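Engineer: Below is a structure I'd like to ask you about.
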Amino acid sequence: MRAATVLCVALAVLPLAFCFRPYPNLPVPTPSAYLNDAPAPHVHVIYTGGTIGMKKDENGEYVPCPGYLEEMTEELMFFHEPGMPTFDITEYDPLLDSSNMTPDNWLMIAQDIESNYDDYDGFVVVHGTDTMAYTASALSFLLENLNKTVVVTGSQIPLSEMYNDGVFNLVGSIYVAGWYQIPEVGLWFNSKMYRGNRAQKYSAWSLEAFDTATIDPLVSWGETVMVWDHNILPYTNNALTVPTSISHDVTFMHMYPGITGAHVEAIIGEGTGIKAVVVLAYGTGNGPSDNTSFLNALSSANDRGVVIAIATQTHQGNVDLGTYETGGAMARVGGVGAFSMTPECCLTKLAYLMANHTSEEAKTLFQTVLRGEYYANIDSTHAWRA
C-alpha cells in the first residue's frame, strides 16, 4: 500500500515536467511537440554500473546486478509516460563500481558516444556516484565539438529499494537528453543538471549529493523544466571528434602542514613516470615558502618537464599565485594556477592534454578555457562566481 501511494504521488508530479518555458537560442519543444503525435526523441543510455542498478547479495552488501536496470525501466510506468523520449540501454559487461573506473573507461565511454552519435538525439551515462564528477569532467574534454546533450547520472539509493532517488534521476536525465539540445556534458542529480566539469560530490548521505560552487545549474526541474540558457556553451559547426588516447601519468598531491621534499619526491620524483601533478594547495594557491626541501623538489620536477598545477583545497575560491608571498613561491618553482577549476577538472583536463601535447603546450592549454571549466578575466574578489 505504501509503495502504491509513492507511485501515485510520483505520477501526479510527472506531467508537470511537460510544462515548458521556452528560452531563446535553445531548440526546446513546445507542448504541441508531443501532443500532436510528433516523433519522440531517441536517447542512448549507456549503463556503466553504479548503485542505481545494484541489489544486496547474501552478505547484505550491494553488488551490480546485470540486466536489472533494463528490467526496471521496462516495468516502471514513469519511463513510458506520454512525452517521454524513447531509449535504448547498452549495458557494460562487466558492470563497474565507479571506484574501479580508470581513464581508459572514460575514453571508452567517449568512444561509445562517438560511434552512436548520429543515431540518437541525446545520451545518458548511468554511473556510480563516487567518481561521477571525474567521468563527467573527463567526457567534457574528450567529446570535442559536442553539439548534443550528454547527461551523467546515477543514484544514492538503488532502484531495488522502495524509497530511492534513482527513478527520477534517470527519468529527468533521459527527458532532458532527449528534448533539449544542450551542447554540453551535464551531471544530473536531484532535479538539477550541472556542468560536468564544474560539479563535485558534496555528500555521501544526502540525495542532493552534487553541487557546483562556481556556476548555477544549467537546468532545474521544479514545477516546470527551467533551462538557464545564459550559462550554456555555444554550438559549434565542427564534427564531433574523440581522441584516441588519454594519459595515466597525472596525479594529485595534497598539501598539509609539515609536508617535505621527500614526500614530493615519492609522488613525482624521477623514476615515477609522472608527467603532471595537481597540487591541492591552501587558500588561493599558497604553500610553505620557507620549506626549502619542498620547494626544491617541486622546482626539480618542473625542470624535468612535469606540469605542476596549483589548485585550491577549498570548494569556493580562485587560485591567484600573486596574492600572497606564499603563493608567489609556488609560481617561482614553476606552478601554474588552476583559477577556479575543481580538483576533478584539473586531473581530467591534464589527462586529456598530456596524451597529445608537450609539457609547455599543456601548461598553456591548462590555463585556457576549453569547455567552460572556468571563466577567464574575472576579478578574483568575485572568483567564487567564476
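Note: Cβ is positioned from N, Cα and C throughout, glycine not excepted.
From TrEMBL, here are the annotated features:
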- 1-19: signal peptide (SIGNAL)
- 42-226: domain 'L-asparaginase N-terminal' (DOMAIN)
- Thr51: active site, O-isoaspartyl threonine intermediate (ACT_SITE)
- Thr51: active site (ACT_SITE)
- Ser98, Thr129, Asp130: substrate binding site (BINDING)
- Thr129: active site (ACT_SITE)
- 250-362: domain 'Asparaginase/glutaminase C-terminal' (DOMAIN)
Engineer: Determine how many residues of the domain 'Asparaginase/glutaminase C-terminal' (250-362) DSSP places in helix, in strand and in coil.
Structural biologist: 44 helix, 21 strand, 48 coil
Engineer: Using the centroid of the Cβ atoms of Ser98, Thr129, Asp130 as reference, list every other same-chain residue with Cβ within 8 Å of it (recorded substrate site), in sequence order.
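Structural biologist: For the substrate site the neighbour list reads Gly50, Thr51, Asp97, Ser99, His127, Gly128, Thr131, Met132, Gly154, Lys201.
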Engineer: Averaged across the domain 'Asparaginase/glutaminase C-terminal' (250-362), what pLDDT does the model get? Just tell me the whole number, please.
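Structural biologist: Value for the domain 'Asparaginase/glutaminase C-terminal' (250-362), mean pLDDT as a whole number: 96.
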Engineer: Return only the integer: C-alpha distance in Å from Thr129 (substrate binding site) to the residue listed as 'active site, O-isoaspartyl threonine intermediate'.
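Structural biologist: On Cα coordinates alone, these residues lie 8 Å apart.
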Engineer: Counting only residues 6+ away in sequence within the same chain, which have a CB under 8 Å from the CB of Thr51 (active site, O-isoaspartyl threonine intermediate)?
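Structural biologist: Sequence-distant Cβ neighbours: Tyr62, Gly128, Thr129, Gly154, Ser155, Gln156, Ile157, Pro158, Gly166.
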Engineer: Counting only residues 6+ away in sequence within the same chain, which have a CB under 8 Å from the CB of Asp130 (substrate binding site)?
Structural biologist: Asp97, Ser98, Ser99, Lys201
Engineer: Which number gives the other C-beta atoms within 10 angstroms of the C-beta of Thr129 (substrate binding site), all protein chains shown included?
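Structural biologist: 22, counting other Cβ atoms within 10 Å of Thr129 (substrate binding site).
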